[in-house]
Amino acid sequence: MTQTHFGYQTVDEQEKAKKVAGVFHSVASNYDLMNDLMSGGLHRAWKAFTIAQANVRPGYKVLDIAGGTGDLSKAFAKRAGETGEVWHTDINESMLRVGRDRLIDKGVITPTLLCDAEKIPFPDNYFDVVTVAFGLRNMTHKDAALAEMRRVLKPAGRLLVLEFSKVWDPLKKAYDVYSFKVLPWLGDRFAKDADSYRYLAESIRMHPDQETLKTMMEQAGLDAVKYYNLSAGVVALHVGTKY
């Protein structure tokens, strides 16, 4: 059986899928609170930058992969309007349910779909914009997922990948202390789950750096790939176009 990484552990691919699912079933109910605590609210600025770069317009078709609690889907639905089509998707039922309920509470009615990014159930050349925020690092076959995202994009459509990345070297030691000491403490204190937030720190370290992810997107067939470092490289937004 093929091996892969779950944080720093080496596990079978099927076991990773189960473990990742377990993490997000566990954190779903506290996801928004923990995002605010862990990032000091910065995740809102990172998402706002992504929304601005996506430049969704009335009538656009948008696929929000790993949509979680629906921050991007909410913004895109407002911009795409009644003539547009925004799909809020996630592979995790608990996250999808929390996101769906949150969108409804905000008065946003948009399709919600349980979706594996490695097997996207849409035809070729369908979407104007595809986004994945803080989801790619949890995927087992990132290359397959990126290829699928490209497949469903229309010509001239764009893929935006917002993800934790490699922090600038002068901040690395402090960031390591925060990641491996503070994050698990916050998880234990506010969500009664230190292990899930320890996995978060480990999964960030195992994720490809900015240049490697840029190359992966190019190898998936995307063109004009560029990235923006946010908060000293704690997060990066990669953007690629299908020509």
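Every residue, even glycine, has its Cβ placed from backbone N, Cα and C.
These come from Swiss-Prot:
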type	residues	note
BINDING	Thr69, Asp90, Asp116, Ala117	S-adenosyl-L-methionine binding site
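Features per Swiss-Prot, on structure.
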residue: Thr69; record: S-adenosyl-L-methionine binding site; CB count, 10 Å: 21
residue: Asp90; record: S-adenosyl-L-methionine binding site; CB count, 10 Å: 29
residue: Asp116; record: S-adenosyl-L-methionine binding site; CB count, 10 Å: 15
residue: Ala117; record: S-adenosyl-L-methionine binding site; CB count, 10 Å: 24
Task: Extent of the S-adenosyl-L-methionine binding site in Å [max Cα distance among Thr69, Asp90, Asp116, Ala117] - done: 17
- [ ] Look up Asp90 (S-adenosyl-L-methionine binding site) in the DSSP assignment and reduce it to helix, strand or coil.
- [x] strand
